[in-house]
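Comments concern the structure below.
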Ligand code: 5AD
Ligand code: SF4
């Protein structure tokens, strides 16, 4: 039996898919090269903005053809859109045989059995079930043998007024330190060097189980063989001095942080219910720079939140200029049903969102050009993840930039010192140092 999984959305969703693959492997399934060859097609969906919602239905329209060739083939939908739409989704797309959400991935074996017996196997729960931790018992199947995502918490307790995540992924549930360390040890034994801790708001890890994220960082770093640690996503409000100090003290924690600011205007930040001002955000950046020498930043920004004026938007541009992020993920505000911002007055017209987005991208392009140049001649450390044309080895710097280095010796999976010769916006060419 073969499966095919199409994944949309964030790294969390990708990691969920890696675990679904592990689960399917324990059931005896193998990965198909294409959906046409699969006995089970799954779409792991995202609903953060309107666009990914639409894509799911166009994919379902295509995948349904599988049933003409292979009438026993099953089609499943899981993830955030499944959670948000529930039965409505099956009404709209009757071709769906199996549906579940991120609450109950571990129930997939039973759902497949039910669907094979000819029933619609739909299990969308209101609340995460008691036994959701069973999920951690399944291994992950990963494409990258050296860098692994480890989910450390599910859900989110923040109430950003634009965001569906608290609804689709539920309240914050931190995974226990024992369960996390068990997985980290297993991954390292399999050859993984870089551990990437994942959560909708990892910096709040522990708050619901009487612990603190800094504790988790120290404990993960103690595992023999962990060469690098990263984490995503941080929330400025929960990023405190204890975490920053841990980042500075732990040699394996990389000099990079993804810290979404979403908007530069205090008025908009308040409407978003982000819990900080522009000034407070900048203070966190200063604290990070002070403790963690050479740290680089990436961020998420929303353009055109309801009521955003030209002045508000200029505050966003100002923040970009001040921090100089190495990567900016920018999104046009997309109204999501059942969120407070959906019904706010004065939604910004799409043409204005588009125009502001273009200006933001222009500005970021010039900032990135400057940053890229500043890397030339510097010494960096790469963890080599892949190889092209036999001798071009590709890896990431600790500051999270892609770089390549030529070598006759196989460097895969190794941490090497390099000198940057040429640096472009999204890549760098380096020379190997001994
Ligand atoms: N519209 C646009 N962007 C959004 N994001 C979250 N919700 C919305 C929305 N309704 C963005 C935020 C978040 C990223 C994952 O997606 O910037 O950090
Ligand atoms: Fe999309 Fe958010 Fe769900 Fe990730 S958590 S898949 S970004 S809706």
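Any Cβ shown, glycine's included, is placed from N, Cα and C.
Binding of [4Fe-4S] cluster 1 is annotated in TrEMBL for 10, 80; the matching candidate from 46, 147 at the same site is 46. Close contacts with ligand 1, defined as a Cβ under 6 Å from any of its atoms, occur at 163 among the binding-site residues 80, 156, 163. Taking CA atoms as the reference points, residue 160 ([4Fe-4S] cluster 2 binding site) and residue 10 ([4Fe-4S] cluster 1 binding site) are 17 Å apart. Other C-beta atoms found within 10 angstroms of the C-beta of residue 160 ([4Fe-4S] cluster 2 binding site) number 21, with every protein chain shown included.
For ligand 2, the nearby binding-site residues are 10, 46, 80; that is, of 10, 46, 80, 156, 160, 163, these have a C-beta under 6 Å from one of its atoms. Listed in sequence order, 46, 48 are the same-chain residues six or more apart from residue 10 ([4Fe-4S] cluster 1 binding site) with CB atoms under 8 A from its CB. For residue 163 ([4Fe-4S] cluster 2 binding site), the Cβ neighbour count at a 10 Å cut-off comes to 21, with all displayed protein chains included. Neighbours of the [4Fe-4S] cluster 2 site: apart from 156, 160, 163, residues of the same chain with C-beta atoms within 8 angstroms of the site's C-beta centroid are 158, 159, 162, 164, 165, 166, 200.
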